[in-house]
Amino acid sequence: MAQTPAFNKPKVELHVHLDGAIKPETILYYGRKRGIALPADTPEELQNIIGMDKPLSLPEFLAKFDYYMPAIAGCREAVKRIAYEFVEMKAKDGVVYVEVRYSPHLLANSKVEPIPWNQAEGDLTPDEVVSLVNQGLQEGERDFGVKVRSILCCMRHQPSWSSEVVELCKKYREQTVVAIDLAGDETIEGSSLFPGHVKAYAEAVKSGVHRTVHAGEVGSANVVKEAVDTLKTERLGHGYHTLEDATLYNRLRQENMHFEVCPWSSYLTGAWKPDTEHPVVRFKNDQVNYSLNTDDPLIFKSTLDTDYQMTKNEMGFTEEEFKRLNINAAKSSFLPEDEKKELLDLLYKAYGMPSPASAEQCL
């Protein structure tokens, strides 16, 4: 029997990776079609090999992508299809608005140096990847009734890609793209300050491109500080280690910084140690501005309900808190103000709450 959802009302998700949210069936289909060897023959076997049941180190987690990304990257049909199927997945999660992120370069096999996943050079450029993802998302939006926007990721270990990422954000800003992100291994010393990333984020500020950064997931509070002060981020991906620096934490609370929290992910990646209080409990108790997100549901064998069940059953989260955090997620989304107001009105109505005059103030 299916589990009753922990929060059976419309939800907003702001932190989920497209390449970590692919159906195993789709991976197998393109592996076979393209003659690319995969470590399993059935969706169930593949899910178990790619998926995680217990915490792994960051390198072990990242190695999961090596199993299946060669089946998808460099293939136009596959790139568009995973975007379309992503929207279907989110409709099943009860999500009404989602921002999905990905690195265009990691799905390309042309005009990208180095070519990822040991692919031979082909003719799918990062620019065309964005166009294909946009098409898939827009078709999914139409068919499944979920509003979707996208975020393009710079990669910490590849600062040479970042200038193109911000230019693609500008080029496709009218077609789903709303922001830039910095993802990858934040333990790479000084990677927030690599000139390629700093210049791209400065250009984003100048051009009015919204900004988020993975920081303080496994990295220190100092990485968070760099994201806020140097990269001028508007939101933090994870941000858990902010709590190590009380001055920084209090400042970010006052500035109403939004934390994109991924509870189940944080357990499986070792970002959170289960014998300690989860940072999201502190965020809840302090009434901080945060959201709940899946991060990489394919690898974590999860749905958005997994994160809601975890916080409800193990951390005492209430329906009122779930409403509050989703309203804050909507307010912290990268939608233009008129669309943000529409989203908020939808949530207030669904939650049986009066709609305040202004959507500016977070709860």
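Cβ coordinates come from backbone N, Cα and C, glycine included.
The model shown is predicted, which means the values in this text are computed figures rather than measured ones.
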From His105, His210, His214, the one annotated by Swiss-Prot with His15, His17, Asp295 for Zn(2+): His214
Spatial neighbour of Asp295 (Zn(2+) binding site) that is closest, considering only the recorded positions Asp19, Gly184, Lys232 and their CA atoms: Asp19
Within 10 angstroms of His15 (Zn(2+) binding site), Cα basis - recorded positions out of Lys54, Gly184, Lys232, His238, Asp296: His238, Asp296
Cα-Cα distance linking Lys232 (N6-acetyllysine) and Asp19 (substrate binding site), given in Å to the nearest integer: 26
Nearest of the binding-site residues (His17, Gly184, His214, Asp296) to His238 (site 'Important for catalytic activity'), judged by Cα-Cα distance: His214
Additional residues surrounding Zn(2+), by Cβ distance to the His15, His17, His214, Asp295 centre under 8 Å: Val16, Gly20, Arg101, Ala183, Gly237, His238, Glu260, Cys262, Ser265, Asn293, Asp296
Recorded substrate site residues His17, Asp19, Gly184, Asp296, farthest C-alpha pair in Å: 13
Cα-nearest neighbour of Lys54 (N6-acetyllysine) within the listed recorded positions, His17, Gly184, His214, Lys232, Asp296: Asp296
